[in-house]
Amino acid sequence: MRRSEVLAEESIVCLQKALNHLREIWELIGIPEDQRLQRTEVVKKHIKDLLDMMIAEEESLKERLIKSISVCQKELNTLCSELHVEPFQEEGETTILQLEKDLRTQVELMRKQKKERKQELKLLQEQDQELCEILCMPHYDIDSSSVPSLEELNQFRQHVATLRETKASRHEEFVNIKRQIILCMEELDHTPDTSFERDVVCEDEDAFCLSLENIATLQKLLRQLEMRKSQNEAVCEGLRAQIRELWDRLQIPAEEREAVATVMTGSKAKLQLEVDRLEELKMQNMKKVIEAIRVELAQYWDQCFYSQEQRQAFAPYYAEDYTENLLQLHDAEIVRLKNYYEVHKELFEGVQKWEESWRLFLEFERKASDPSRFTNRGGNLLKEEKQRAKLQKTLPKLEEELKARIETWEQEHSKAFVVNGQKFMEYVMEQWEMHRLEKERAKQERQLKNKKQTETEMLYGSIPRTPNKRQGLTPNRPGKVRKLNTTTMSNATANSSIRPAFGGTVYRSPVSRLPPSGSKPIITSTCLGKKTPQAGRNGANKENLELNGSILSARTFKGFQI
């Protein structure tokens, strides 16, 4: 039995005891029956009214609970619909009071969730509005009057986070571009003259609209400034080159150049001022400047292999009236020659390389024909021969390469490539021909010299090649001297017509050759300049030893002892 039922039975027992106690009191007092009946009716009425009132109150409570349940269920359904959640379902059987409590608790929870979602939506909308205003982008499309779902809120959060990243990226790009723009403006001495430029340079970075259009405009402005900067740098470099050229032409000393060296790293205006100053100085030193240009002009003529006719074609070079007009003519010619050299630089360098190789080849040829080279000590002769052999291989190859390149160039430009007033290959062939003729001439001179020397030796005798310090060791052979002179006189005419062979003049010896063992030559007393006992017998040959009042010494000729 439930405790409430026990209490109810106890209440009934208590009521019975109370009525019995009243009845006993009434009997003791002596209250008549009819009054006891009235009093019992009053007690009954009081008890009934009290119970009716209590019942009415409890019925009212029940109605309120039922009504609250109905209201909570209705509100809960609405909240579940707004929050996009499943409707609330009570698990199992429950009393009205418990149901009302559960429904009310669930409603309060739903109300809290709705409030939190609405607050977060409002915060996200405020952030979205701020970011979209800075980025100049449309606002996020979401119904602010309804309660957003969790998925919608999550998407909105991601959108705002993306906007923040976009803002940070664009702000960083804006700051970098702004810094570069300010540097370019400072280098160009440029003052912002448009509203956009002033907004970029002067306004707060956080207040600048980071739209794609503004970023693109910023990039365009930076490109324009960089282009101007590049052009300005090119102009400055041209001014620096002009200053250096004027320094060279005016022959400005090094200490004076160092004194104004800071100008070379200065702005365009400073460079222009220095150019103007030097130009004015150039006008004051016209002759000196023109002479310096002529030196440079001659250097370019050499580099371009100009012939004498081509050089003389520029008449102002030889003028002596040093005027501004003459200076302009020289400047124009220098510019033309510079451009001409740059266009043909590769070919001119090839020709210059051939010229150097040719000079080296001629030097080796000269050394090869020099008898003193056989006194080589330390291997120089072998080294030269190797270089000479290498050069003999590389020089024709270089000529072929230049010939091919020149032919290609001539086809492209439809004109001849001229070196020293003639076509290069003609110039090369002419050099080879001159070299050949020079070798032939030298050969003929050697042959003629050897011929004359041999004829003289055959007529007047030769001198020994043995060193003087060893002449005292050789016995006097006066008989040989007489035989020599006699034989020489008798054979002089007969041997005078013998021709050279193997590049030199070779004559038959008028006396016997030396033995193969290479014994020492016999030295005559005439060579020693001493008087021998047989000197008296030489009188008959005296006319053979005298020529123009002088006595000729004997000689050794090509391995023959005379």
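The backbone N, Cα and C atoms fix where each Cβ goes, and this holds for glycine too.
In TrEMBL, the coiled coil annotation falls on 96-130 of the listed ranges 96-130, 166-200. Looking at the stretches 131-158, 215-242, 243-270, the one that TrEMBL records under the feature coiled coil is 215-242. Long-range contacts of the coiled coil (96-130) within its own chain (CB-CB distance under 8 A, at least 6 residues past either end) are made by residues 62, 65-66, 68-69, 72-73, 75-76, 79-80, 82-83, 88, 90, 139-140, 142, 144, 147-148, 153, 156-157, 159-160, 163. Among residues of the same chain six or more beyond the coiled coil (215-242), those with a C-beta under 8 A of the stretch's C-beta atoms are 170, 173-174, 177-178, 180-181, 184-185, 187-188, 190, 196-197, 200, 264, 267-268, 271-272, 274-275.
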